[in-house]
Structure formats: structure tokens, C-alpha cells
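Per TrEMBL, the features are as follows:
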ACT_SITE  Glu313  active site, proton donor
DOMAIN    6-131  domain 'Beta-hexosaminidase bacterial type N-terminal'
DOMAIN    135-482  domain 'Glycoside hydrolase family 20 catalytic'
Amino acid sequence: MSAFHQLIPAPWSFSAGTGELELDAGTSVGADPELRGPRRWLTRALGGATGWDLAPAPAREAGIRLLLDPSLDAEAYRLEVSDAVVISAGGAAGAFYGAQTLLQLLGPAALRQAPVVAVEGWSVPRVSVEDKPRFGYRGTMLDVARHFMPKDNVLRFIEVMAMHKLNVLHLHLTDDQGWRMQINRYPKLTETGAWRRESSLGSWRAGVFDGRPHGGFYTQDDLREIVAFAADRHITVIPEIDVPGHSQAAIAAYPELGAGPADGSSPVEVWTRWGINETVLEVSETSLEFYRNVLDEVVEIFPSPWISLGGDEVPLTQWQASAQAQAKAAELGLDDVSGLHSWFVGQLALHLKHHGRATSVWDEIGDGGLPDGALVASWRGYEGGIDALRKGYDVVMCPEHKLYLDHRQADGDDEPVPVGFVTTLQAVYEFEPLPGVEGTDFPGRLLGAQANIWSEHLDSPRRVQFAAFPRLSAISEVFWSNPAGRDYDEFLTRLTGAHLARLEAMGVEYRPLSGPAPWQQRPGVEGWKRDYDAEQLVRN
Ligand code: ACM
């Protein structure tokens, strides 16, 4: 076994003892009262894989003990395997991460949902682990708007995220091509906005459509279930309601929201192609009031401290032609309509503030002024994030040329619908959030980083798994582990030695390191390969 007993993400400190501790059907699990949540999760997960009942016992007498140690940070834990398994943690999150490490030490079969072999006992190597996260925000964004991901698959994705100690799921719920969240006050958002007639097949530039309706949405109870399931795994779900661009699905449902010709001569349908769209929301009290009402329902379901208002990619064409937008810009004393973009987002951010929530935005908003207390997701490279740090804002780094997992994983024609920059496993493993300015004492805080999984070209959960793994396994190590110990070759020995088998045990259809399997290829579906050019950062 290689260093760290094949753990991914690698722990900060690890020492191997001698021999193994046998667990068996009589093993009990005990926890201090504050750690009952992780005990319940561990009992279910390990009980599923082993088929054992794992009875409760007093915390200090059990075979597996979850103990509160207030000297540790909330997300930190110590795992000692000697004559018992002892997980000491600063809080429930730390105990949960200790439990995840224990499952990894038990071998890939411990990640299955039912026993596959009739074993008398399972053994854990005697080890001592001390561990904590490098960043507090370890995110993944899932675009469930371009292609809907059924709820079951979202839950499973969360389970796999949790195995990697990731703790933020940013759900991109609305876009031009679909609105995925039930809103009671505005039923047409899902009746009309949750499906489209057909979709671009591959890159929109090829001009090919599939002729097949696509749709789906989450009921509010589905979303409550997703939020609670994630919370049990110490994952915060940040919902994104993208404004004022990326809103054609909402405008198709409620045309009065749009900034198109005021005489209604150009009604829009839910958009069927990918790319940047000139259809945007009108800067009117009608649309602001509508979105305030939408957000009232959003905050009721998502307890996240941040709600994302998107704010990316807003062409000005319609506002330049709109008397209403021109008048609003004049009233606000703006030089031109370009300032309406951040003003509009700022108005809704104020509404969120009344609800006690901060706003997360893509970094474009920084061009025109950020809402108070905003969290900036820096996707157009690093600069927007660094600029926001200089101005004192919280930042999450997710630069497109580094952390966009819809981008192709190798430079070959076998990659399915190859789009974007080549973003290899090694390249994501070597990601650093602040290259060249590490150690700078910014007034703002770098909370962490996020991998973004856009789904224009990922038309099924299988395709999402192919795009996400094993790159997300590598990324989890960047977000969690000590960067001083990072070594790609050593990571590969752990990945191939045990971690791919863990993914297989969880049913994840990852991209084999040697390239896509024949059924993972999409011959004949055109992508759009790009070479990285910092001057030309345009998606799709
Ligand atoms: C983005 O990629 N448009 C945030």
C-alpha cells in the first residue's frame, strides 16, 4: 500500500501502525450527543455495506467512537485505530469527515449499498490520522438547467461529493434553456419554462438540432429533500437564479419580463440552442417584483448563507434598443445602459439582504459594482477574483481555463463532444487559486474554489460522471490537502491503487485514464475545440 493507505483526498498527517483491527457484526457505534448526525450517517453507510446492525453504545465504550474534542476546529478530526476506532472531532462536520476516512480505510466494498461478499469481519489498518481542510469552501457547480439531472442522480452525486469531503453544491437552476425549480406563485415557470422543443446537438456552431423535447424540474419538496440530504453530509446547497441574462426560459413563460420589442412582436420560446443570448430581462419594476417574489420562495427552501444571482454574460443589445432601459439608465444618472447590469443585480441583492442572505455572483458584476457583502465566483480567469479580494470581498476561484469540467480531458477526437480547452487530470491536480499572488494580504477573503460542470454537452448523468471523475477526485485533494505534499505521480498510485475501485463501487462511470470506452464516445457529434487565449475567454 502506498502512503496514506490510498486515501483521497490525502490527509494532512498520517502514520501507519502495525496490524489491523477486526470489526464484526457485534461492533457498536457510539457518539457524543453533538455528533449523533455523523453517527447516524456512519451506521447507515457501514450497515448497508456490511449488512450489520451496528448497535448504539455509550460513546466511550463503543467499538467505533465519535468523540467531541473542542480543541479541534469544527471541520477537523483525528482518527486513531488501535483496539477501537476513535474519531475525535471539533464538530459534526469533522466527525463526518473522520467517518468518510474510516470507510475509505475499509476498502472499496465499504462504499457499496449492500454486502457483496459473505465476510465474517472487516478489518481496518491500525493508523493514526490528523486531518483538516485547506479551504472552508470546497465547491462543485452542477448545471441542471441546460440538461436536467433527475433528483435521484443529484442525490447520488452529493453522496460521491461527500466521499471526497467537498462541501458546497452550487445548483445552477435557471437558464435560457430551462427553469428547473417549482415556484408556487408563478406556475408557468415550470409549465412552460421547464422544457424545450429540441436542443442543439453538440456545439451550437454546427447548427444541428436533435428534434427531441427535453425537460424536467424539481418540486419544492424535491429541493427540500436535496437540501436535507446534502446537509446530512455537511454540504451546503447554493441555488442560482441567473439574472438578468440567461433568462429566456422565464421570459418564454412570462413575456412581460423581457426587454425585447415592447409591442410583443417577437415572443420567445425556451431557447433550443447553446451560446450567449441577447434576450435579457427588462430593467423594470415588473421584473424586479417578479424576482423578489421568486427569491422569497427560494430563501424559504434553501438555508444557504449565499443565494446566487448569476449575473454572467449579459449582452446590451436589447437594452440599447429599449426606451424603458434607456429611461432607467438616465434616471439613475448612468452614462449608458451597461451600468444597469450591476444595478439590477444589486436591487435583488438588497432583497436577499433583507432576508439575511448574502449574494453570490459571477465576476462580471465586479465590472460595474458589487453588492455589499457579495461572494464573487471568479470564472473569467483569476483577475475578477483578485480584484474583488483587493476591494475586500469574499471570493471563490473557478477560472474557466482551469476548473471547467465540461472542457475536454485530452486532445483527441475520441473525447465525446470535445469542447473548450484541454483540461487534463494532471492540470486540475496542479491548480492553485492565487498563482503569483500567494501570500498577499488582501482585505478580502479567499474562501476556496469550485469546479464548474456546465451541461450543454453533457446530456445525461452518465456524461456528467464521465466529465466529473476522476478530475473531481484530483480537485478534492487540491481543495482539502496540504499543498506542500502534492505529488501527481504519488496521487496516481492512490487513484489507481484504490480510488478508482471506490468510484466503481459507488457506480460512478468515470473516464478511464487511458481514454473513453467506446460507448463513452460520441462519434459524429461536433464539439468546439479551443486553445487557451487569455484575451478570448468566451464560452461555447
Ligand atoms: C459562466 O461560465 N458563464 C459563469
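Easy rule for this one: first residue shown is 1, then count along the chain.
Including glycine, each Cβ sits where the backbone N, Cα and C put it.
According to DSSP, the domain 'Beta-hexosaminidase bacterial type N-terminal' (6-131) comprises 37 helix, 42 strand, 47 coil. Counted within 10 Å of its Cβ, the other Cβ atoms near the residue listed as 'active site, proton donor' come to 19, all protein chains included. Confidence for the domain 'Glycoside hydrolase family 20 catalytic' (135-482), expressed as mean pLDDT, is 97.
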